[in-house]
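So the structure is just underneath, and the comments pick up after that.
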Amino acid sequence: LQLHTNDVDTVPTPALLHRGLPNLSGSPSPMPSPRASPRPSPRASPRPSPRVIAANTVNHMKRKISEAIQLKPDSLTFLSEQMVSLSFKSLESYICEDNFSGLQTFLATRSVVIDDKDENGATALILAAARGKTDMCRELILHGADVNAEDNDQWSASITASKEGHEETVATLLDHGANIHHKDMGGWTALMWASYKGHSALVKLLLSRGGDPNTQGQHHMTSLVWAAGRGHTEVVHDLIQYGAKVNIGDKFGTTPLIWACRKGYYEIAKDLLQHGANIDASGMYSWTPLLVATRGNFVELVNLLLEHRPNLNALDKDGGTALTIACKEGFTEIANALLNSGAYVNMQDRNNDTNLIYAARGGHRAVVEALLKKYCDVDIVGKERKTALYWAVEKGHTSVVKVLLSANPELEHTTKEGDTCLLRAVKNKNAEVVQLLVDKKARVSVADKKGDTALHIAMRGRSKRIVEILLRNPKNSQMLYRPNRAGETPYNIDLSNQKTILGQIFGARRLNTNEDNENMLGYDLYSSSMADILSEPSLSMPISVGLYAKWGSGKSFLIRKLKEEMGSFARQWVEPLFQFSPLVVLLVVHLALLVGLISAVPTFSWVVGLATGGGVFLVATLFLVAIWHGSRRYDWQIWYRWSVALEKQMSAFKLVLQVIFCSPPGAQWKEWKDGVQARPLKFVFAEGAKPSSTAAGENSVVQMLGSLFDMVEREYGMFATRFYRAFRPKAQGSSAPWKYRRLCGVPYIVIFFVTLVCLLTVGVITGLFGFHYETPPVKEAEEPGGSVSGSGMEHPIDEVDDDYDDDDDDDTSGESSEENEYID
């Protein structure tokens, strides 16, 4: 700094005074005036005066000193901040007012520091270049302005002029030595800015002056990538002609062709393909040119890409192909073009959804028809186990449903929630779709996870038209009495409403007299009607019905058919699976206690009993859990058979306990407050017999009744049936629920458990203390002679036994207080 001030003292001071330096000579310094010269001259400026040359010399020395001490030029402005600000503001005012003559006069008559900067680090030359003031830029350069000066963001005059598209200004800067390869803080060159903005003439100028078209800036973006992505066709062509590489992408690998196809720039894509662009390049999000062109629905561009034979089955980040996108968005022309080019029709994305599923979900009928013509699989299960038909039903696309049904899809696929297409249509109250599915023989008896059938849902939703459609076939009337998991039947759901649907449509059911009657031949109709009558819930149970067929009439087979129909009404074909219940836990606990007591009594150790009982409880519980889990999770017959057998035994045992300890509910008892609980219905069929019209016919009736009792015992178990005949339990009221039978106010089951505990206690006490016995010790001595002699009086054997019995009674320790010697 001392060197700087000393050097300044050797030159005239007006310029330094203008920047605010102290007047080292002590004389007053006049302030410069920014007003324009009274005689502006359009001609070139005259040779600079010695004062201007001196000021330029000072500026040059400041830059050199700053570089030597690694400071920027603005780091020294604290010596003359006020004067620098005034100098730049004067230049700025001339440039902004486009006062070229005033600028010439100011530069010629004043000692100006030409490279002074504003608060952003911009010089007057950068400001003039940004406004495209070519003459001013030339004048500033003539007076010593640095053409490569940078602002705080490393922008130079050439970059600023290129961004704004001032071709003549850029040419002037380049003529005076501007660096064409200079980069701003983002890595952008003048050529990149010109390409980004689409200044085609300026791009040609920069390329002709040696600009590098392959320079990469921020995110590895090149001039060609920017021009292609922004649709500057002429710029792209010029860059390619000057050697731009068409397959250089950004940091994600997205090439110029991908960016051009993303926006649908047909001419740019064509130019790039003609110069060798990779048709299968993959960039950001796994984009390919075909994928992004399809997503934008650019039909002509897709056809252009298909001419170059791209990979039709390339996947994006979601696992979808170009055909997937076209099907999802409903781009029919593109979908047809891709299908005709050989795209795979059954590809599944990461969600396992197919092209047909997307087309059906979106309701794109034309696309669905195109896919079906290419023999796509209509039964592939996608996300949430939903098929294309299910999606079409769920979204209510009736036209698509009709097209899909023409391909004969599987109608009984169930979703994760247990819904089928028919159940979903009923839930949506779409009667037209319900009619289409029923006409295609969709099963009305299918139930969801809650046990609800289509009739349950229709009755609950009060859909009269759907109920009519479902009951149009008389065989479906059995579903009116089928309970769900909550015990509700469609019949009782409808009955709980003030205005019933069945009451409105009863007797108005229409049959398909052509197809249905031809299939049923009248016999199915007869059997279904009889089963419907006998299954009427309002009838009082039990009902005994005798069915007869005239010998030789050929109608006896109807009796067997009626048995099948009635069994179907009562759902007797359903095999129950094992379920955990309080009774199961109680039985396991009793079993563990019993085994524990049996093992503890002989060993006189409660630890052994506790360990044995705990082991039995754990093993039994694990076994039951394995049966429960295996019968539902795995398709193993052994688990299924064990589960069914165990549930039957538990049901029989529960029935025995109910007969012994409980009173049955009344005939009018309703478990649910709304009255929709359904009673389980079961038919018991006796063996057929041939009755006689003679006096012996009474014997045949007795034989039939005996056979009926045998079937009841076989169905419900011998113990439950005979206990019922012995105890004859009766309901405590017409609307009374299940109640425990009592003796003096105490339930029978409590008396049973108290008695059981007492018996077990007595048994344990007896086992521990009632049979304790020890044999008395006897000392024996044998003499060689074999004679027997005694030192005292002799005692008979029975007396000795009595003495020892007395000793055992008196001494609890098991040892005699006196010791007698016996000699044999």
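Note: Cβ is positioned from N, Cα and C throughout, glycine not excepted.
What TrEMBL says about a protein is an automatic prediction, not a curated fact.
It should be emphasised that the depicted structure is a prediction, and the values quoted were computed from it without experimental measurement.
What TrEMBL says about this protein:
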- 1-50: region 'Disordered' (REGION)
- 29-49: compositional bias 'Pro residues' (COMPBIAS)
- 120-152: repeat 'ANK' (REPEAT)
- 186-218: repeat 'ANK' (REPEAT)
- 219-251: repeat 'ANK' (REPEAT)
- 252-284: repeat 'ANK' (REPEAT)
- 285-317: repeat 'ANK' (REPEAT)
- 318-350: repeat 'ANK' (REPEAT)
- 351-383: repeat 'ANK' (REPEAT)
- 384-416: repeat 'ANK' (REPEAT)
- 417-449: repeat 'ANK' (REPEAT)
- 523-756: domain 'KAP NTPase' (DOMAIN)
- 580-600: transmembrane segment (TRANSMEM)
- 606-628: transmembrane segment (TRANSMEM)
- 748-771: transmembrane segment (TRANSMEM)
- 780-824: region 'Disordered' (REGION)
- 799-824: compositional bias 'Acidic residues' (COMPBIAS)
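With helix defined as DSSP H, G or I and strand as E or B, the repeat 'ANK' (318-350) counts 17 helix, 1 strand, 15 coil. Each residue of the repeat 'ANK' (186-218) gets a DSSP state, and the totals for helix, strand and coil are 18 helix, 0 strand, 15 coil. Summarised by DSSP class, the composition of the repeat 'ANK' (219-251) is 18 helix, 0 strand, 15 coil. Nonlocal intrachain contacts for the repeat 'ANK' (219-251), taken as residues 6+ away from its ends with a CB within less than 8 angstroms of a stretch CB, comprise 189, 191-192, 194-196, 198-200, 203-204, 207, 213, 257-260, 262-263, 265, 267-268, 271-272, 275-278, 281, 283-284.
Mean predicted confidence for the repeat 'ANK' (285-317): the pLDDT average there is 96.
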